[in-house]
Amino acid sequence: MENIRSFMSFPESRKVYIEGSRPDVRVPMREIALSPTKTPQGMVENKPVRVYDTTGPYTDPDFEPDVEKGLPPLRRRWIVERGDVEEMERSSVAIQRSLPFVRRPLRAKPGKTVTQMHYAKRGIITPEMEFVAIREQIDPEIVRQEVAAGRAIIPANINHPESEPMIIGRRFHVKINANIGNSAVSSSIEDEVEKLLWAVRWGADTVMDLSTGKHIHETREYIIRNSPVPVGTVPIYQALEKVGGVPEKLTWDVYRETLIEQAEQGVDYMTIHAGVRLHYIPLTANRTTGIVSRGGSIIAQWCLAHHEENFLYTHFEEICEILKQYDVAISLGDGLRPGSIADANDEAQFAELKTLGELTKIAWKHDVQVMIEGPGHIPMHKIRENVEREQEICHGAPFYTLGPLVTDIAPGYDHITSAIGAAIIGAYGTAMLCYVTPKEHLGLPNKEDVRAGVVAYKIAAHAADLAKGHPAAQQRDDALSKARFEFRWNDQFNLSLDPERAREYHDETLPAEAAKTAHFCSMCGPKFCSMNISHELQRKIKEEGMKEKAQQFIRQGSSLYQ
């Protein structure tokens, strides 16, 4: 990972900052420079295009990246100056660690709540809210209102000050999450940090560390300290590792310890499968693919082994009491989501959703931010029902879905089958889309799989933004279309989501530099390019129009005034 800045950069782009009401609220954007348009009257400048930027300081020329030191604590001053947190002498969980990062965890002072929802309900517009308002090109008061109502969340653990605030809610840009993390048989800490950087380079708005192998704590520490975007986890995975991988041995005490450990590290949101209740499990018996959620299957196995109610459900109030001390958002897991088209929208899925609605109200009582996880595998004609039910049953809390995949017949191409569903469900109002890579159902994704998954989901999210009419969503489309029609090939590449791939495909057949201004590509050639023909048609229409105007001028007696 040498020369990280080069690894993260985009062609003809520079980092710019938009300053807020105070000097330390500086919102990053990526500005793409465009070449001028050639006209008969001369060259006409095209304004640069600014786009949402998730790369953090890595693309700032004034920042020297070092994964052993991590990122600067952007939000620490905002957090401390509110006066409601205290620095701990040491972690409250006994763990062995030999890591290069020197930091003391923060938590709320006794009797205090430090969540963005808590501040929003009290009419306070925090620097985090102002930051996301500038990012979204929307009024800060709207941000505050949406967070206060629970319709949006700002995942921002007080122990992850390195993160740049972002918002998840249906009134804002549709966001995407990229899953990374090792497995019991593959990957290393260096691999996962590289995947993190690669994911945010291509536009991931959050990442989830789903590590299930060795060195879970160490891997997560490196990811959090180097992540400019919120980091999510599924705590049950690490809790299971602590009991030797045997679900029956799980206890509330082990899980509670894991929650605190991860909250003190800086995890911004946690998937908690509290909706998998004992009496719902038999509803999955006749499914085609049973329970496909890892967390859901672990909890189901524990419930059946002990014939007891899910301890995450019975201890949910305590979970909220813990997480509100750090501002960890809850992502209510869909442990009974359908894993096949045959199981879509079944009784088990919607039974769990009803419980998630009940738990949402409990979390909001504690001012804990919540989003709701959703499926899964859903055919296109059943997608809308999922959004409508979630919005009604879960009181408008943000919806966060895995795809959904709209068909089961394309292993190796599930980034496509799921991006189709993601675009549709995003247009209906889903707030965040969890990416799927080409390796889904087949193996642990590598760096190139992460790229393919993120880009596929950026396409889906942007398509949904266009459908929703988000402010400024179409600006980039219009700029690229104009560049395409004017045969400004380099601008067309640079405005695309994946400039390298666009340039690579073009240059396979027309690599010469002169081809970057040619009025054709290798698909149609110079004689059959519809856009080149359109240029000729427009020129002729203008000429004919001028001739008609001249004749009209003569008919009117060659007089300017009548």
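Keep in mind that glycine also has a Cβ here, set from the backbone N, Cα and C atoms.
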Figure out which of Asn179, Asn182, Asn386 sits with Met208, Tyr237, His273, Ser293, Arg294, Gly295, Asp334, Gly335, Leu336, Arg337, Glu373, Tyr400 in the substrate site per Swiss-Prot. Asn179
Neighbouring C-beta atoms (10 Å sphere around the C-beta of Gly335 (substrate binding site)): 32
Reading the DSSP string in three states, the entry for Gly335 (substrate binding site) is coil
I'd like to know which of these binding-site residues, Tyr237, Tyr400, is least surrounded, judged by other CB atoms within 10 A. Tyr237
Cβ contacts within 10 Å for His377 (Zn(2+) binding site), all chains included, total 26
Counting other Cβ atoms within 10 Å, pick out the least crowded of the binding-site residues Arg337, His441. His441
Can you tell me whether DSSP puts Tyr400 (substrate binding site) in helix, strand or coil? strand
Just counting, how many other CB atoms are there within 10 A of the CB of Ser293 (substrate binding site)? 23
